[in-house]
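For reference, TrEMBL has these:
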type     : residues : note
TRANSMEM : 39-55    : transmembrane segment
TRANSMEM : 62-80    : transmembrane segment
TRANSMEM : 86-105   : transmembrane segment
TRANSMEM : 125-147  : transmembrane segment
TRANSMEM : 159-175  : transmembrane segment
TRANSMEM : 187-204  : transmembrane segment
TRANSMEM : 210-229  : transmembrane segment
TRANSMEM : 274-291  : transmembrane segment
DOMAIN   : 427-491  : domain 'PAS'
DOMAIN   : 547-599  : domain 'PAS'
DOMAIN   : 706-924  : domain 'Histidine kinase'
Amino acid sequence: MTVSGHRFLSLPMTSLLLGVVYLAGTTSVMLRPAGNPVAVWWPAAGVAVALVVYTRPGRAPLALAFVSVLVVTALANMTAGRDAASAFGFGLGNAGEAVVAGLIIRAGSPGRPPRMRTLADFLRLLVAAVAGGLVISAIVGLVVAMSGMGGGWEAARDVLPSHAAAVVVIVALTMSRSGNRWLGSSLELGVQGTLGAVITLLVFGPDQELSLTFVPLLFLAWAGVRFDVRVTAVEMFGLAVVSTTLTRLGWGPFNGVAQGQPISASTAATLNQAYLVGAALLGLSLALIWASHGRLLDRVAAAEVLFRRSFTDSLLGQLLLRRDGEELVVAEFNARAAVLLGRDHDSLLGASLRSLVEVGGHTLPEETSSAHDQTWRAQVEVSARVDSRVEMALSRLQDDAGEGPMWSAQLLDVSAEHHALQQLRTAQDLTAATLDTTAAIILLADLDGRIVRVNAATTQTTGFSAQDLVGRLVWETTLSPGDAEEIEAMMLWPNRSGTPLARERDAITKDGKRRRVSWSNNMVRDELGHPTYMVITGIDVTTERASAGLVSHLMQAAITTAIVGADENGRITVANHGAARMLGCDRADLVGARFVDQLDREQLIERLGTADPATAFSAIVERARVNEAAVHDWRWVSSSGTSRIVSMTVSALEGATSHVGILIVARDVTEQRRGQEMLMAALEKERTAVERLKALDQAKNEFVSTVSHELRTPVTSIVGYTEMLSDGSIVDPLPEQQVMFDTIARNGQRLITLCNDLLMLAGLDSGSVTWKAEDVDLGDVLKLVEEWATPLVAGRSLDVRFEHPTRPLVVVGDGAQIERVLSNLVANAVKCTEHGYVRVDTTVDDDHAVIRVSDSGMGIPLDEQDHVFQRFFRTSNAEKKAVQGTGLGLAIVASIVEAHGGTVALQSEVDHGATFTVSLPLKR
C-alpha cells in the first residue's frame, strides 16, 4: 500500500514515513542558519502531510497519525538539541499543520486516496499548504517568543514559506501519477532533464548574482507541456532540493546584496522557498491544464467515434439529407437504410427523398415553415418495395459548420405491423358479419364472465340494447344463460368431448316478458387449451314449450322441430313431420324403427361407450330421468346417410301408456353450429392477430427504449463537454463560439429530455418502474416546482402565481414523480401562454387533495380534449403555433397520477386557456 500507487498506507509504510520525518526534521534543525531559532526549509512538513493524507479513513487512524507526528517531530527537535518544552511546542505545531492540511486535501476525495488530476486539486493543495503554514507559524511564533529564543514574528515569517513550499513540492509529488500520454519522447525527456539540471546548477552556483531564476521555470513549463504531471512534480522536487541546498551553502542569486547590505542566510532561504512556491504555481498549473486539455480532446474524439458507430451500426435506418434546390437529397446513409429502401449504394447516394418514399397526403417538411422547430413523422410507403411501410421521423439538424442546413431521417420497418393490422381488420369484419347474420342470441364473454359483445338478434329478441348488456356479468343479467358456478366450471374444466354445454332456462326480456331459451355454451381456447373467450348461443323455444300440450296437433303439423315418441324398448311409436323431414323419410317408415338407429354410431360409442341398441337406449332413458331439462347436441343420420346436428331434449314419461316411454324433442341446429364454429374460428384468428400485434408493439417499445437508452449516453457526454467548453474550464470561448455552444447544449438537453420520457413510458409499459411509498407534503412539492419554474418565465410578460396551502397536505406516493407531474403541467401552461397568467392552487375535497393548474393561453379544441393524454398527441393549436413538445408529457402525467390512485381532468376553451385538475388521495 504505497503512496505512489494512490492507496492508503500500510503499517510498514507508515513507519517508514515517520522515520523519514524524524531524519528530515533532525537534519533541518541542525542545519538551520546560525542564530535563527527555526529551520529555513522543513521537508518533514511535506512528508507529515502526505502521511495524514494517505492514512486510512476514520477518527482513530487520524488521531494516531496526529500523535505519531507530534512524538516524532518532538524527538527530532530534542535530538537536534532543543529543550523538551520547546521540542513539544514545535512537535505540536507540526502535528497540527499536518492534520489541518491533510484534512483539507482529503475533503476533495472523501473515502478514497486523493489524486492530483485537475487544477481544482492543485488549488486545494495550495489552500491546504497555506492553511497548514498559518497553523504552524502561529504555534512556532508563540513557542519562540515564550522560550526567549528570538522574535516570535520573525520566526513565524520564516516558517510560513518554508513549510508551505515543502508541502506543495512533496505532497504534489505523492498525489501525481504517470499515465497521461506524452507528446515528447524518452530521448527528449533525457535531454530536457539534463539541460534543466545543468541550468539549475549554473543559476544557483557560487558567485552567481545574475537574476536568472526564471530560466529553470522554462524547463518546468517544458515538462508540463511535453510530458505529464508526474514528470513535472519530480523535476519540481529536484529544483527544490538543488536550490535549497545551494542557497544554504551561500550560493545563488538569493545570497547577493540588497541596498548595500548582504542578504542574511534566513532571508535568502525565505526568498528561495517563496521562489519554489511560485515555480510550483507555474509548472504544476500548466501541466494540469495541459493534461486536462488532452483528456477532454480524447473524450470528444471518443464521443465522435461512438456517435459515428451508433449511426453506422444502428438497427434503425439512418439518412443524412441536404437541400438541393427544392428537394432533400441523401448525403449519407447506413446499411440498414439501404435495405429498408431497397436501393444499392450508387442509386441511394444523392437520390431525392421524394423519389425514395411515397408520402401520400402528407407534406414533406421542406415545404413547411415548421421544419425548424419539430420532428416530422409519418408512415410512408417505400417506392422500391411493393406493399411495404416505413415509419419515418425527419428532423432538421443545427447548421454549426456553415455548410447549409442538414436533415436527419430515421426509418423503422413497420410492414409486418401494417399487414397484421390489415388481417385484423379483415378478421374483425368477418366476425361482425357472422354475428349479425346469425338468427340466434349470441353473447361473447371474457374470462371474468363479463359480456364484451352481442349480436343484432340478441337485441331483437330480448329488447336489450348492446349498451344495456356489454360490460355486465353474464349471471347478473335477466337472460340467465348460466350462474357464476357453471360459468367458472366451464373455464376451469376443459370440455374434452368438444360438445357445447346446452341447457334450457327462462329469460326475462326488457319489457318483463318471460321467454324460454335453449342455451348452448362453449369456450374459445388457444393452442395450449387455455380458455380465452366464452361463446353463449341461445335459441328462443318459448313457442315450442308453450305448445307442449298440443302434442297430437304438433305431430300432424308441418313444423321444423322434430318430435319423436318411443316405447320402453326404444321403438318409435309416433313422429311428426319435422322428424320425418330431418331424417329424410315418411312418418310411416319411422314408426316401429329403433330410435338409436337414427343416431350417429360413432357418437353413441363416444358418449355412451356402446353401440348396442338396447344398452344405448337404456343409457339415454336413465340420463333423461336424472335431468329432463338437459339439452344435448346429437348427430342424426338420415336415410340418405346425411348427418345433421340437432339440439335434442329427452323426457321420460313415467306412468304413461305402454306404447310411449320417452319423448324426444329435437331442433335442427346444423347451420347454427356451423355459424358458431365460424365465429369461434374468426375469434381465434382475431385473437392470434391481436397477440401478434401486441408482440410487434412490444418489440417496437423495447426497441425505442433501447435506442433511447443508447442515445442518452453519447448525448449526455456531448452536453457535458459542451458545458465545459462553454464555461471556460479549458479556454475562454470566443463570443461567436459561445452561441454555438449554447445551441448545442440546449438541443442536447432536449434530446436527453426526450430519451428520459421514452424510457419512462417504456418502464410504465413493462411495469419496471418502482414507485416509492413515502409521505409527501404537496406544499413542499409546490415550492420546488415554483423554484424550478422561475427561470422559465424570466424576461416574459407572464403573471405566474403559486397559491400555497395554509396547512400540510400529505399524500402517500413518490415525491419525485408527483413533482414531475406538476412540473409538466406548469411547463405546458407556460409554453401555451404568450401573455396573461398561470395559476397553481390547491384545495381539499373530502379525502382528496386537489391541485389546479390554470392558464389564459391558447386553449384546447373540444374535439381534441379526449386525446391529450395519449402518447405523441399534439393539439392543432400547438402544431399551428409551433409550440415545442413531443406529446409525451401529458401521457406521463396521466400514468403517474393513475399509479398514485388519483385522477387528472381537463377543462378548456379555445383562446380562453385551460385548467388541469389533479386529484390525489390524502394520507389517512
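Every residue, even glycine, has its Cβ placed from backbone N, Cα and C.
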Mean predicted confidence [pLDDT] for the domain 'PAS' (547-599): 76
Result, the transmembrane segment (210-229) in contact with the transmembrane segment (159-175) (3+ CB pairs under 8 Å): no
Beyond the flanks of the transmembrane segment (210-229) by at least 6 residues, Cβ under 8 Å: 116-117, 176-180, 182-184, 188-189, 192, 195-196, 199-200, 202-203, 235-236, 239, 243, 253, 275, 279, 282-284, 286-288, 290-291
Best-contacting stretch, by C-beta pairs under 8 Å, relative to the transmembrane segment (39-55) and drawn from 62-80, 86-105, 125-147, 274-291: 86-105
Outside the transmembrane segment (125-147), six or more residues from its ends: residues with CB under 8 Å to it: 37-38, 45, 49, 83, 85-86, 89-90, 92-94, 96-98, 100-102, 104-105, 116, 153, 155-157, 159-161, 163-165, 167-168, 171-172, 175, 277, 281
